[in-house]
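Written out below as structure tokens is the structure these notes cover.
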């Protein structure tokens with residue numbers, strides 16, 4: 001399904017990704033492990049189209065999308081610090097992707113309700129996102145990403161910075177949500193246990209790099 | 001703050017209250033006598049005269065008020081729209097020459113309004129003189145820096161991932177801009193737009209040079225009624241009307257600033273990147289070139305016209321200003337009527353006096369404000385009032401207030417620098433206060449424990465820290481005074497023309513030589529301003545590097 | 001001791017304050033006097049040499065904008081003048097000048113030698129007439145010949161399509177010839193007709209500029225500026241200037257005057273109230289109406305002397321036009337109505 005081939009990225013003098021390749025099959029949940037600062041997030045940004053690699057290619061369902069604009073890829077992404085839109089409510093955040101796809105109002109609100117109940121925040125629709133707790137914000141961010149049913153979801157350290165109890169609880173929820181919606185996903189994390197708890201398969205960035 | 005109140009704790013180490021109170025005296029007298037009294041006189045005059053009623057019902061004045069408003073609205077909208085491009089460029093991209101471009105963009109803003117007007121007079125073809133297009137273009141040129149600074153500052157700190165998130169959710173770049181970026185920038189855009197609106201609503205120099213008889217703003221009409229038609233009553237009514245409008249605008253603006261603050265997770269660091277894609281590179285290069293050209297062309301036109309007295313280029317006008325005689329030989333009935341070179345000397349002399357007044361008054365005031373509490377706030381507000389008053393109103397108020405013995409100072413040579421100091425003092429105070437307030441109380445206490453008396457502490461700590469901001473403030477006061485045109489237009493005396501007055505008069509006379517002389521003086525004024533602001537920036541950056 | 005010093009200082013201050021206003025101590029003799037004039041005052045400094053030789057007082061000329069601005073500024077600072085004597089208040093501004101008490105009455109011993117009609121305009125002698133002339137439409141003779149069109153002879157013709165886009169006038173709000181021409185149209189068409197007249201002029205493409213300088217030197221086709229328009233509001237005495245200053249000197253004047261458009265103008269000079277040297281200033285006014293100075297005016301300011309018996313140069317008699325019966329409006333009526341007229345005019349023509 002997702003095929004990343006020989007992707008290299010450097011910022012000025014610094015080489016961040018050196019000929020990285022990775023595959024994710026349909027319906028598979030893959031965890032990408034590596035210490036922080038090793039370029040995992042950069043790889044996600046390349047896949048999402050937020051960054052054009054210096055060389056290499058990205059293909060989705062055998063179609064090359066290396067230079068395709070982000071908004072045409074239908075690749076979802078959960079950002080490390082959520083990046084909820086502060087000027088919109090919880091529901092408005094979740095329905096944002098649906099509006100972009102041109103869903104009509106009634107269908108949108110049904111989908112939002114569905115997702116809100118999926119993440120257990122049924123009563124939160126009209127809330128401002130600036131008042132949410134850490135866990136609530138994570139859930140809203142996930143719901144926002146899942147709402148338009150992206151072809152693949154990229155998660156950038158989704159559970160970093162939460163306390164132990166919340167972390168374990170959310171890890172379970174996340175795993176459950178991704179599986180119940182049969183979502184293909186690539187999770188970036190530095191936590192081996194977290195990777196094991198959520199993913200079908202774990203790779204390290206070092207495994208993906210082609211050695212000269 | 002968990003610390004106990006330092007002031008209460010160590011009051012015995014502080015200067016006695018009467019000393020601090022004494023420091024507040026010059027500023028209080030200054031603002032009371034030269035600002036509040038004249039404004040009171042204006043209000044008194046406009047309400048005792050029946051011209052209040054007639055002026056408000058006068059269709060001509062309504063027409064002027066409407067024109068003033070819509071040209072300001074149009075100028076503001078265009079300034080914001082155009083300013084967003086350089087704001088985006090500087091906020092999001094890292095490239096070679098970025099700092100230079102930032103500095104270049106502020107150039108038009110520090111230029112005196114008369115110079116900007118002269119530059120567009122030089123640049124535009126004759127048929128665009130005296131048109132709204134010319135006024136609006138000059139306003140945009142002058143004010144773009146406000147938008148770049150105001151909006152760019154917020155934009156730089158806006159996490160780019162918010163936009164990225166929208167893009168992963170299927171929003172196109174333009175949609176992302178519309179739905180995410182612009183709404184988040186709204187507070188900064190609104191703040192910049194309000195400032196630009198205030199500037200363009202009270203625009204005087206640009207409109208005097210480019211407006212012509214068909215396009216007076218309220219500010220120009222006040223001047224015109226008072227000094228051309230001799231109708232003091234109407235001018236007073238218009239001044240008060242303008243005061244009210246400006247007061248409302250400032251109040252609305254400060255409300256906007258307090259209520260519109262969004263709980264944004266602003267990153268203190270910036271998110272600038274090098275351009276990666278060919279499109280980004282094309283944008284960075286294209287926008288940079290376009291901005292530099294837009295800034296350079298009017299300034300170049302100014303210099304070019306100073307070199308044109310006939311066909312081809314020559315130094316004739318420069319020689320005639322700095323050499324012996326300044327009359328246009330081809331038209332014996334057309335003479336400047338004053339010495340252009342003398343205006344340079346007059347301007348510099350006035351600027352020095354204005355600088356001394358504003359540094360002394362502003363310095364004392366800042367020290368008093370930082371120490372006094374409630375009284376300090378009151379003085380602070382009082383000193384800011386002239387900023388919310390149009391320059392023409394200030395000049396007009398001074399002129400009609402001090403007209404009876406023993407306060408008949410209309411002919412005094414120090415009225416002009418005094419008007420300039422009213423405008424410049426708030427800037428000096430604004431530069432000094434943050435420095436004074438940022439002085440760690442521990443520093444003073446340390447000095448006290450080492451045996452310094454209160455006055456010694458004050459001299460060794462406070463005054464020492466004020467050196468650079470005082471120098472900066474002095475520079476700003478000089479530049480403000482050199483370029484001041486509104487208040488001067490009312491207070492000016494024949495034979496004592498300042499540079500802006502001389503420029504306007506020369507450009508309004510016929511004849512290539514007189515015009516070229518006007519452009520010579522405008523070039524000289526621009527150069528003087530550059531040198532002063534450049535020196536101020538060098539001092540400021542020097543202090544940054546030390547800190 | 002201290003108290004004693006203080007009272008001495010106080011007394012001295014009081015004496016000084018009173019002394020400046022009320023005492024009649026003999027006036028000190030100045031080393032120089034300042035003559036305030038409008039921008040287009042182009043009398044050479046040498047013209048005052050005779051005065052300096054006779055009295056030992058130098059004369060410094062400062063210009064203060066157009067005549068209206070000059071007077072308004074003087075009115076705002078009445079009693080604190082920018083100089084000692086002012087040149088250039090004309091009959092359109094006369095009533096305003098008298099009302100705002102800018103001048104100090106001075107009865108010149110020369111008055112009997114001046115045109116009595118002009119003297120009579122300021123019966124209390126706050127102002128002394130110094131020159132006369134007429135504001136008239138001038139036309140570019142060559143332009144009309146080239147385009148095989150007859151120059152207009154009546155004001156009404158100016159609204160005809162043949163003369164479309166040809167006329168440039170000065171703004172009456174900012175220029176005294178502009179005001180004079182507006183008054184001419186009011187005198188010609190009456191209170192009822194003049195507004196309609198200007199609407200027609202506007203429809204026929206009349207151009208408005210701020211000052212006479214701009215109109216004549218930048219817009220008029222027959223002046224050195226070679227502007228686009230062959231009809232301009234100027235003076236009946238402008239044609240001689242085109243002869244005198246041209247090089248080589250032409251045989252006939254290149255410009256003509258439309259006599260039916262002329263408005264009579266008298267210019268005055270006066271001693272400014274608040275001058276430190278009223279006596280010397282009076283002497284300067286005398287000098288301005290002296291025979292020598294008056295005879296110099298035609299070829300410097302292009303106006304007629306106000307002094308009877310002053311000879312006018314040949315070029316002047318040859319090329320200038322002095323209509324026998326120019327249009328005019330009384331100073332009192334001008335004072336009463338000119339502000340409304342100007343507002344209405346602005347409404348019709350500029351907006």
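Here the Cβ of each residue, glycine as well, is placed from N, Cα and C on the backbone.
The annotation transmembrane segment is assigned in TrEMBL to B:20-44 (among others).
Residues annotated as transmembrane segment in TrEMBL: B:64-89 (among others).
The annotation domain 'ABC transmembrane type-1' is assigned in TrEMBL to B:65-250 (among others).
Non-local neighbours of the transmembrane segment (B:101-124) in the same chain are 86, 89-90, 134, 137-138, 141-146, 148-149, 203-210, 288, 291-292, 295, 297-299, 301-302, 304-305, 479, 482-485, 500, 503-504, 507, 518-519, 522, 525-526, 529-530, 533, 537; each lies 6+ residues outside the stretch with a CB under 8 Å from one of its CB atoms. Taken from TrEMBL, the feature transmembrane segment covers B:101-124 (among others).
What TrEMBL records for B:130-148 (among others) is transmembrane segment.
Summarising the annotation, TrEMBL assigns transmembrane segment to B:184-207 (among others).
The annotation transmembrane segment is assigned in TrEMBL to B:232-253 (among others). Using a Cβ-Cβ cut-off under 8 Å and counting only residues 6 or more beyond its ends in the same chain, the transmembrane segment (B:232-253) has close neighbours at 39, 42-43, 45-46, 49, 51-52, 55-56, 61, 65, 191, 194-195, 197-198, 201-202, 218-219, 221-223, 225-226, 388-390, 392-393, 396-397, 400.
Positions annotated as transmembrane segment by TrEMBL: B:282-303 (among others).
Feature annotation from TrEMBL assigns domain 'ABC transmembrane type-1' to B:344-532 (among others).
For the transmembrane segment (B:348-369), the list of distant contacts is 20-21, 23-27, 30, 375-377, 379-380, 383, 414, 416-418, 420-421, 424-429, 432-433, 436, 462, 466, 470, 473-474, 477-478, 480-482, 498: same-chain residues at least six beyond its ends, Cβ to Cβ under 8 Å. Taken from TrEMBL, the feature transmembrane segment covers B:348-369 (among others).
Here TrEMBL flags B:381-402 (among others) as transmembrane segment. Note on the transmembrane segment (B:381-402): residues 27-28, 31, 34-39, 41-42, 45, 202, 204, 219, 222-223, 226, 232, 235-236, 239, 242-243, 246-247, 250, 362, 365, 408-410, 415, 418-419, 422-423, 425-426, 429, 484-491 of its chain, located 6 or more positions outside it, place their CB under 8 angstroms from a CB of the stretch.
Taken from TrEMBL, the feature transmembrane segment applies to B:414-433 (among others).
Taking Cβ pairs closer than 8 Å, the transmembrane segment (B:470-492) reaches residues 110-115, 204-205, 208, 219, 223, 226-227, 347-348, 350-352, 354-355, 358-359, 362-363, 390-392, 394-396, 398-399, 415-417, 419-425, 427-428, 431-432, 498-501, 504, 525, 528-529, 532-533, 535-536, 539-540 in its own chain, all 6 or more past its ends. Annotation comment: TrEMBL describes B:470-492 (among others) as transmembrane segment.
What TrEMBL lists as transmembrane segment is B:512-536 (among others).
By the Cβ criterion (under 8 Å, sequence separation of 6 or more), the transmembrane segment (B:414-433) is in contact with the transmembrane segment (B:20-44), since 3+ such pairs are found. Residues 85-86, 89, 93, 95, 97, 101, 104-105, 107-108, 115-116, 118-120, 122-123, 141, 275, 519, 522-523, 526 of the same chain lie 6+ residues outside the transmembrane segment (B:282-303) yet bring a C-beta within less than 8 angstroms of a C-beta in it. As a quick check, the transmembrane segment (B:64-89) and the transmembrane segment (B:130-148) clear the bar of 3 or more Cβ pairs under 8 A, pairs 6 or more apart, so the two touch. Counting only same-chain residues 6+ beyond the ends of the transmembrane segment (B:130-148), those with a CB under 8 A from a CB of the stretch are 71, 74-75, 78-80, 82-84, 86-87, 90, 105-106, 108-109, 111, 113, 116-117, 119-121, 124, 189, 192-193, 195-196, 199-200, 203, 206-207, 210-215, 294-295, 298. Same-chain residues lying 6 or more positions outside the transmembrane segment (B:20-44) and placing a CB less than 8 Å from one of its CB atoms are 236, 239-240, 243, 357, 360-362, 364-365, 367-369, 371-372, 375-376, 379, 382-383, 385-386, 389, 393-394, 396-398, 400-401, 418, 421-422, 425.
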